[in-house]
Amino acid sequence: MSEIKGKDEEPLEGDGDYESLPPHASLTIHMTAGAVAGILEHTVMYPVDSVKTRMQSLRPDPKAQYSSVYEALRRIIQTEGLLRPLRGLNITMLGAGPAHALYFACYERVKCTLSEVIQNGGNSHIANGLAGCVATVLHDAVMNPAEVVKQRMQMYNSPYRNLLDCVRTIRHTEGLAAFYRSYSTQLAMNIPFQAVHFMTYELMQERLNPHRQYHPGSHILSGAAAGAVSAAITTPLDVCKTLLNTQENVALSSMHISGHLTGMANAFRTVYRFGGMAAFFKGIQARVIYQMPSTAIAWSVYEFFKYFLTKQQMEGEAGTAGPV
């Protein structure tokens, strides 16, 4: 455990341990830091996420076939307008705030509890992975409907005029269940994603920041590495999730699939029939490019706000207590 340190690496007098969060940091601090981190994570790299969704299309329109992320962004802006890569950003921001507030708050509390049981309060990779899995269940319950709407608005030639039109159309034509059609697949993807993500992040922190001080560089590098590894490993599940979310009409019609595609097993079979094993890695470049900076941003912002808010809270408590 380490003391809160300033930029000059000197301990701040009277402060407690930065990583000793349960005694010092309230649930509100975790949720506030998590909400800010989540919104920034999803917004800063959102155009690349839009490209990833299109590159994962099983039967893309000839005008929406791209060889690289740069080419895709350039063509989308040239042919569809400067703001087109940001379509669906509003619903993402609405979902990301509360989803990440629950996500980080749950992760910190579960990690602390399990570490006490498994490692007597020390860092435990098993506790980190399990805490990430539990946090993911809550996160995805909030974020899944936003993901469905977001990905439908990101697709080429999306028929929806705006956010409300998309929500109303899905509800009227497919029912409320459509917003959770990919939930099981999302969990199947995100539970291993987050387990690998948190374990990689904490492992990197052990190497780069063993005393667990507030150190922006280590948080950025650890977050980037965690995002890259977990994104690459879980790309096949992300392709299936995208298919379930978008219900890609051209692709399903060509396979003579009527109605709506449901279930992870059906999604896996459909993707494989379209392009074999290679189809499961469509958009992997865009996914990794999106996740590396996004995860780095999320962790660096989260750790900063956790440090800043905890410091403010402790200074306030010291001021209230007055001199002894």
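Our numbering is plain: 1 for the first residue shown, then up by one each step along the chain.
Quick reminder: no glycine exception, Cβ is built from N, Cα and C everywhere.
Straight from TrEMBL, the features:
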type	residues	note
REGION	1-20	region 'Disordered'
REPEAT	25-113	repeat 'Solcar'
REPEAT	123-207	repeat 'Solcar'
REPEAT	214-308	repeat 'Solcar'
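The average pLDDT computed over the repeat 'Solcar' (25-113) stands at 91. According to DSSP, the repeat 'Solcar' (25-113) comprises 71 helix, 0 strand, 18 coil.
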